[in-house]
Amino acid sequence: MQVDLLSSAQSAHALHLFHKHSPLVHCMTNDVVQTFTANTLLALGASPAMVIETEEASQFAAIASALLINVGTLTQPRAQAMRAAVEQAKRSQTPWTLDPVAVGALDYRRRFCLELLSHKPTAIRGNASEIMALAGVANGGRGVDTTDAAANAIPAAQTLARETGAIVVVTGEVDYVTDGHRIVGIHGGDPLMTKVVGTGCALSAVVAACCALPGDTLENIAFACHWMKQAGERAVARSEGPGSFVPHFLDALWQLTQEVQA
């Protein structure tokens, strides 16, 4: 297994492209992380929209640059809205990303996510336990937390990517991005990032946005992971704990975009 790495120059170019295109991201995400997710996208130069009403979700999925489906606070009415949005995204060729939160621990959301896979997501982003469960390798995880190392999920991620045609992202101490054949590893970040609710969910939104960019989708998604880890490292250096981390993290994302515009 060969794991490729990406250069800082490539990352900076991709971030410049991201800011230039300013993707409009339809975020059907969970209630806990909506504000943080929106602010993360804004800091990087994207435009978030949290449209969840069933009658509007399908309409908005047709005009958005990208769609995010995050099942963290899934309910039956929300599942209906998500289903409508995904079906419209498929018709409109809007790229969409699935974040299968806690899919290994809860049956209803696992069945729902497996149903959505038939609509061919552009990307899937989860921790090791979630990706392994979605691939049918194992069930588990402690709710939203993983009980497996990211590297252990690489074979499952490759299988899932080949079966669905999606780019699969396994996040952890090292993030891995694969299309079933190529694998890119992204190092960095800090353990403090796991002490703040929503960093993974926000990453999924950035991944969704990157699916709307021109060029190599796998590499663009890998850059999303790199930007988040890079901003996390900068934020931790200025923080005293989780409470002060969040504003420093948003500032760091913003500063990254300003640096590539200079």
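Glycine too: its Cβ is placed from the backbone N, Cα and C atoms.
According to Swiss-Prot, the substrate binding site annotation covers Met50, Gly198, on the basis of sequence analysis. In this structure, Gly198 (substrate binding site) belongs to neither helix nor strand by DSSP; it is coil.
Under the DSSP three-state reduction, Arg125 (ATP binding site) is assigned to strand. Spatially close to Arg125 (ATP binding site) yet at least six residues away along the chain are Thr97, Leu98, Asp99, Val168, Val169, Thr171, Gly200, Leu203, Ser204, Val207, judged by Cβ distances under 8 angstroms. Look at Swiss-Prot and you will find Arg125, Thr171 tagged as ATP binding site.
Sequence-distant contacts (6 or more apart, same chain, Cβ under 8 Å) of Gly198 (substrate binding site) comprise Val32, Val33, Phe36, Thr37. Taken residue by residue with DSSP, Met50 (substrate binding site) is part of neither helix nor strand, so it is coil. For the binding-site residues Met50, Thr171, counting C-beta atoms within 10 A of each C-beta gives the highest total at Thr171.
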